[in-house]
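Below is one structure, written out as structure tokens; the observations come after it.
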Amino acid sequence: MSKRKAPQESPNEGITDFLVELANYERNVNRAIHKYNAYRKAASVIAKYPTKIKSGTEAKKLDGVGAKIAEKIDEFLATGKLRKLEKIRQDDTSSSINFLTRVTGIGPAAARKFFDEGIKTLDDLRNNEHKLNHHQKIGLKHFDDFEKRIPRKEMLQMQEIILDKVNNLDPEYIATVCGSFRRGAESSGDMDILLTHPDFTSESAKQPRLLHQVVQCLEDCNFITDTLVKGDTKFMGVCQLPCESDQDYPYRRIDIRLIPKDQYYCGVLYFTGSDIFNKNMRTHALEKGFTLNEYTLRPLGVTGIAGEPLPIDSEKDIFDYIQWKYREPKDRSE
């Protein structure tokens, strides 16, 4: 998951901006994930509202906007600012911790530890690089590039390289670029790829070579430039498009997950998102007597105990089982 905020094309950009800022404060400083989720949900719903919101009362009609958020919207619309945010921005602890978490590899706990040691800025991090782990050093090295959104045109170029290399390695591989890119977004925070192969199922032994040989192939062609984490089923790293005569492309974050073939399409559905769409689909599945997660779809018995995973060979199979009309990825940005 990227730490960059998506650009807004909403008539309510000011409202969504302050909600996202409050969300990040609750997650990074207060560690209040429930408040983070509430602010993010409200921001997502308001971002899709087609007209300019004129009052908190109007906003409260939207699912996910409660009385407290509506009050903040009224304050923002009346004054152009929010007292709570002004206070947060003036607080050295809050602003420093929020900033440090923008470095990939630095979570809220590490950010607070660095802050307690007097490390508050990028220069402070550079002067204390011996305290950083490998992941954090790479995050610091490429901080400016990782802050930039990835235009869809660049995502398409990277997708072409990845799919071509994977297919040449073994045509039985299946790879899908997920996230907001698959939903048609004009920009993305990072490259999130799901990978599978018929040799790897939930019943078989682990097959780390299936992931590692793909990573090696992408390293050999100089597309993957750095490794952050490489396990049996997940790779986290850095990639870069080949430089052109008039352009050096930024370094980008890339994640590749190897998923058992029989769980692949539940994974594709989940990692395509959006978060709200996934929650709505899980709720609908429960109403129809199924439990759905990123791994499987299982029928629920009369006692509420889940049965064996159902066979799934496409995303559409999942929609069909739970009797929900299929929605293309571009129609899942709720």
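Any Cβ shown, glycine's included, is placed from N, Cα and C.
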Swiss-Prot record, region 'DNA-binding', of the ranges 133-142, 183-192, 323-332 the matching one is 183-192
Joining ASP190, ASP192 at the Mg(2+) 2 site recorded in Swiss-Prot, out of ASP246, ASP248, ASP255, is ASP255
Residue among ARG126, ARG149, ARG257 sharing the 2'-deoxyribonucleoside 5'-triphosphate site, where Swiss-Prot lists SER180, ARG183, GLY189, ASP190 as binders: ARG149
Going by Cα-Cα distance, pick out whichever of the recorded positions ARG83, GLY189, ASP190, ASP255 is nearest to VAL65 (K(+) 1 binding site). ARG83
Cβ neighbour count (within 10 Å, all chains shown) around ARG149 (2'-deoxyribonucleoside 5'-triphosphate binding site): 18
In whole Å, note down how far the CA of ILE106 (K(+) 2 binding site) lies from the CA of ASP190 (2'-deoxyribonucleoside 5'-triphosphate binding site). 17
Going by Cα-Cα distance, pick out whichever of the recorded positions LYS60, ARG83, THR101, ILE106, ARG152 is nearest to GLY189 (2'-deoxyribonucleoside 5'-triphosphate binding site). ARG152
Confidence over the region 'DNA-binding' (183-192), expressed as mean pLDDT on the 0 to 100 scale, is 96
